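Undergrad: For B:22-41, B:48-65, B:71-96, B:108-129, B:174-193, B:222-241, B:247-267, B:274-294, B:300-319, the entry in TrEMBL reads transmembrane segment.
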Amino acid sequence: MRRSYVRALGTVALAATLVVAAGCQDSGGGEGGTASGDCGGKIAIFGAFTGDNAGLVIPSLNGANLAVEQFNAANPNCKVTMQQFDTQGDPAVATPFANQIAGDNSFLGVIGGHFSGESDATMPIYQAAGLAMVSPSATRTDLTQKGNTSFYRVVGNDGTQAGAVASYLKTQNAQKVFMVDDASAYGAGITDELGKQLGPLVVNKDKIQERQTQFDATVSKIKSSQADFVFYGGYTREAAPLVKQMRAAGVNAKFVGPDGLYDTAFPSGASGGAEGAIITCPCLPADKAGGTFSADYQKKFGIPPGSYGAEGFDGATIYLDAFKAGKKTRADILAFVKSYDKQGVSKYIKFDAKGDVDPTKVVIWAYQIKGNAIEALQELKLS
Amino acid sequence: MHFDELIGHLGQHTVDGLSKGAIYALIALGYTLVYGVLRLINFAHSEVFMVGTFAVLILWTQLGVQNNPPVGQAILFLVLGLVVAAVASGGTALALERIAYRPLRRKNAPPLIFLITAIGLSLVFVELFGQVLPKLLGTVLPEAFGRPRQIVGMPTIIQQETLFTIGNTAITNIQLIVFVAAVAMMALLDWFINRTRYGRGVRAVAQNPETAALMGVNQERVIMLIFVLGGIMAGAAALLWSMRFGFTQNSIGFVLGLKAFTAAVLGGIGNLRGALLGGLFLGVVEVYGATLFASNWEDVIAFVVLIVVLMFRPTGLLGESLGRARA
């Protein structure tokens, strides 16, 4: 008898520990409270705030939180709240959240999605509900080409980024480019765009799958292609082991990847293998962002803003401006976003008819891995 | 279709596949041992492996290991890593059996309850290492738990180099070590099960638990033994993995565990030599498939081969049996 009591108690204790730990996470999440007064309102932000690729998204969340906090401090009579929905970047998780947000009339706008896949899956739901979506980082080109009227992004698309990668590779005198992608909405999208621009420079390609860990076949294909550049379209989780296994096998081709790898988990996960790798990103180096954003961010979070910190701030700012202008309905806010025309911290923000920012205002930077840091290298010319 | 690439470098792809499959085979042993004795598919075994990789990661980062240490130190780190991983994985496997499976057995729970418990335990461990430990130990062990749920790299202990070349097939030091170490571990286990007194007990319980008990075999001790043995093999696999690939993640066990389970079924679950054969076969088939089509086809090829093999040999390549006398 006694033994089974002990066991039951042990189980309860374990369960309690788990619940407490899970609770800690949640309490760090959404900012509670409801809107008050005539001014203000509630917005939602969704994205991969935990999970394998969270490092890419957290800066944007922080940036948006910073914007809301500064706004509320400066406008005590106009309280804005922002609730977080952690999708882990998974369209299947994002969809029920989208239904929940769309069905709750207190939400007046949405920041997100942060990845292309989750944005694609939830766009029709938000459009049907008349909610504006402002994405800080969903870059797949066709997101804005499907006739959706409520999706806007404050970031350049993959077509623009692929063009910049192509012109970078050409200035580096690339002769044989081997392309690998993870067959995801984002990875395959940007890799195909690049393939179109590079044409005969592409010597061979391979597709891997998400969660793959061993890349013998891919590495031997790269080896026998004698490529001088390897382009990888995808995210950190697969890129870090891939580049490490490439280097271990003695492949010296230069490794180039898009903004999906802009995450310090990439160099640290590859433990040295990623040294010198090039990452392109339509995101500004911290010190190039406008206003006091970088300093404020550094002060609040203790680290410099990483990928899309400034874009997250800009995304939130659009809604904050809408509230300040007295917009109170989903339709008014959507119209406000559509006609937004103002300098943001990341770039000048004005959307074209499809919801993309003006391509000439997009800036794309190349970064280089040095140790465990991602250092700004140069601004890329858009082809 | 890249037939010329596959045929032109057939030897190379075979070597790559064998060293890939050796790790599958080591993990597969854990599934096969437990199944052979308990008729239970211990789906939490993949997390036993994951715990082993974290043990190696924590050991190496706490020792302050840098990339490419001198040979003497490298051997020391590997031996220490093997011990720590074996203790961590073996201990985890034993804990699973004591905390979760034994109480169920005492109550004569139906097999499905064991299965769902195993799957539940697997999730508990994934989240334990993804959420709970980072909360508790994030500041103490930042190298291992500072980035919850993300991939973490480990120092490179041995620089990969080509040892010798046969034709156009290059064999690297790492591939050789992984293959030889894995086969040696399995030979040791095979000897243990087939030649020692404890092994005889394991085989007796596998064949007929009641008769074995009547003959004085302590069934509970045998069950603990097989969990520990399976855990030690997973620990060895974790060390070889860490040496070869040098990274881990809380969710790393899932795909590998699935592959190892497939390898066990392919070879004949419950059959130790079958696990070896199944693992190596699966590794080679995957590399061939990935070369022939694209790397995202490797699972498709692997599972198609599994289905085809099971159509003609429903009990796997070597048949189900753990020291079973009857055919």
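Every residue gets a Cβ built from N, Cα and C, even glycine.
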Undergrad: Can you tell me which recorded stretch out of B:48-65, B:108-129, B:274-294, B:300-319 has the most Cβ pairs within less than 8 Å of the transmembrane segment (B:174-193)?
TA: B:274-294
Undergrad: Cβ under 8 Å to the transmembrane segment (B:48-65), counting only same-chain residues 6 or more beyond its ends: which ones?
TA: 27, 30, 77, 80-81, 84-89, 92-93, 96, 125-126, 129, 141, 143-144, 152, 154-155, 157, 230-231, 234-235, 237-239, 241-242, 248, 250-253, 256-257, 260
Undergrad: Find the member of B:22-41, B:222-241, B:300-319 that has more C-beta pairs under 8 Å to the transmembrane segment (B:247-267) than any other listed stretch.
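TA: Answer is B:22-41, with the largest number of Cβ pairs below 8 Å.
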Undergrad: Who are the long-range neighbours of the transmembrane segment (B:22-41) in its own chain, taking Cβ under 8 Å and residues 6 or more past its ends?
TA: 48-49, 93, 101, 111, 114-115, 118, 178-179, 182-183, 185-186, 189, 202, 205-206, 222-223, 226-227, 229-231, 233-234, 236-237, 240-241, 244, 256-257, 259-261, 263-264, 267, 269-272, 274-276, 278-280, 282-283, 320-322
